[in-house]
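Annotated domain 'Acyl-CoA dehydrogenase/oxidase N-terminal' per TrEMBL: B:6-114, in sequence order. Residues annotated as domain 'Acyl-CoA oxidase/dehydrogenase middle' in TrEMBL: B:122-215. As annotated by TrEMBL, domain 'Acyl-CoA dehydrogenase/oxidase C-terminal' applies to B:227-376. The annotation active site, proton acceptor is assigned in TrEMBL to B:E362.
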Amino acid sequence: MKVLVPVKRVVDYNVKVRVKADESGVETANVKMSMNPFDEISVEEAIRLKEAGKATEVVVVSIGTAQSQDTLRNALAMGADRAILVEADGEVEPLAVAKILKGVIAEEEPGLVLLGKQAIDDDSNQTAQMLGALTGWPQATFVSKIELGDGSMEATREVDGGLETIKVNMPAVVSVDLRLNEPRYASLPNIMKAKKKPLDTKAAADYGVDVTPRLKTLKVSEPPARAAGIIVGSVSELVEKLKNEAKVI
Amino acid sequence: MQFDLTEDQRSFQEMARNFANNEILPNAEEWDDQSIFPEETLRAGAALGFGGIYCRAEHGGSELTRLDAAIIFEELASACPSTAAYISIHNMASWMIDRFGNDDLRARVLPKLMVMDHFASYCLTEPSAGSDAASLKTRAVRDGDHYVLNGAKAFISGGGRSDIYVVMARTGEEGPKGISCFVVENGTSGLSFGAQERKLGWKSQPTSSVQFDDCRIPVENLVGSEGQGFAIAMAGLDGGRLNIGACSLGGARASLEAAKSYMAERKQFGRRLDQFQALQFKLADMATELEAARLMLHRAASALDGKHPDATQYCAMAKRLATDTGFSVVNEALQLHGGYGYLKDFPIERYLRDLRVHQILEGTNEIMRVIIARKLIG
Ligand SMILES: Cc1cc2nc3c(=O)[nH]c(=O)nc-3n(C[C@H](O)[C@H](O)[C@H](O)COP(=O)(O)OP(=O)(O)OC[C@H]3O[C@@H](n4cnc5c(N)ncnc54)[C@H](O)[C@@H]3O)c2cc1C
């Protein structure tokens, strides 16, 4: 079984993001970029499936600028076998990403697609669900445990009330949550080997997808600065303030 | 001339930085405070290729360049110079075996060294032979299929804990040409250790004297040929000096960063410290000198990679500059912290204690000047 893992290049989680002066978005020039942390988890899971003999090939795909190659090389260094870069400039919205992925799926015919539950830049949390709908495949979202069976899998989902275990038929679309695994570091020799692994470059047009955004961003602004806190003298004062000042009770 | 890191080097750097920040930094204070040698973390690093960064791939080395190694050691040391420096010594000793050892010896000892199942030590210094290392007195006498070693080594990093000791001992005449290099395995009868030294810094690694009393080792444990030992020891040190210099860069960089953050918060005379121009100039000088030392170190590493005829001089220059600059930067960073820099609540004093010894070992900085001057004057 082939596993397809989409990965996104995002502003590194350690970076303190800054809004651009013209309020059109956040500053990405000269900012450290990394693989979306949730995608690292899906890459790790795919590699573990291969190491356990349950997957035969791990293919990573990224949709973005030429620099997304760095992110793909990183996934190859972790242990993925092959990479596909679908070049697209500017912002590509979840629906366009899902449509392109549908095209990649038609070519690659994977048995499983493992995505991060969301990307930490726009926090959309939409791509996996849209891909499930477009392909008509079963989907399991926010997964913290995967148990592959014969032609189906059991997925444990993190839901508000706790954990939910569902059975989905394969092929399936899965979005992964934080607690699924702890991604490995790429070793020095594997970083070297990653260079020699195949990386194909395609264009969004190859899949007949128009990536023009459907949404218009009006303005991106800094969250309001946090006001200073106060120390209350008693429980009754706290209740009084919650009622009359914060107006939350 | 190319000053930018390659794509691979950026990947090595990023991986080493993540490893340092996640696996080393959160524990460094405790390792220092309680003199803990972090074996598990070292092995986790070795699984990523840190055990034999520039050893050949045949027995599990990563087969990278000296410049790659310098980049990696700077990152590891930014979290804990002492732990990074032990990894450097392990790499130096392992490389000597890989580069000069016979195939049987390499196949026997390297696989475990590369994954740091076994730890390695470098044994040159003796109580009466420090800077004048070529005057060493430990003797190795051939007896049939064995050599018999007698003598003592001082200040051995890893001493008492290491599994493999790469030992320089005299087999012939006085002076450097009478010295040979041997592998002595822990457990060999006649091998013993002194008490652990009590040190200013470098507390996350053991240091002790090593004694040889009729210590018999098989002739296959000779590294290179008889009389080649001093040259092998010096070849090891070329790379060792680069690594130690890189460890100073890492520790100094972390201290500079710490000073910057501290100055952004601390207020005196109604202003943040980083708003005083006198202190801004100090930061500017620290950053400039650190960058100059880094350039020199990377230049020396490239020279060693390229087998430049003056590589040894470049390595000596780089070790001298990087370790002196590193110490002065961490010292300034401590000053910028005021009294708080002197407390263990802040990490600066740990970096200061760790970086101090880099000006002394792997050849003191005076000896670096001896090496450079010898080349200048002939
Ligand atoms: C924590 C620690 C770990 C160590 N680890 C190891 C190890 O793993 N393996 C190992 O083999 N050694 C190790 N050493 C030993 C270290 O390399 C020596 O301490 C160093 O080479 C200096 O030798 P010495 O201490 O005998 O000083 P000395 O040689 O006695 O020097 C004393 C002073 O005189 C100066 N001096 C000496 N000769 C000259 C000269 N010709 N011109 C100008 N100045 C001169 C020196 O620079 C120094 O300032 C370690 C030392 C320490 C402190």
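Positions of Cβ are set from backbone N, Cα and C atoms, glycine also.
Source: prediction; values computed, not measured.
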All chains considered, the count of other Cβ atoms within 10 Å of the Cβ of the residue listed as 'active site, proton acceptor' is 27
DSSP assigns the residues of the domain 'Acyl-CoA dehydrogenase/oxidase C-terminal' (B:227-376) as 124 helix, 4 strand, 22 coil
Helix, strand and coil residue totals from DSSP for the domain 'Acyl-CoA oxidase/dehydrogenase middle' (B:122-215) stand at 6 helix, 47 strand, 41 coil
Here the mean pLDDT of the domain 'Acyl-CoA dehydrogenase/oxidase C-terminal' (B:227-376) is 98
Per DSSP, the domain 'Acyl-CoA dehydrogenase/oxidase N-terminal' (B:6-114) contains 88 helix, 0 strand, 21 coil
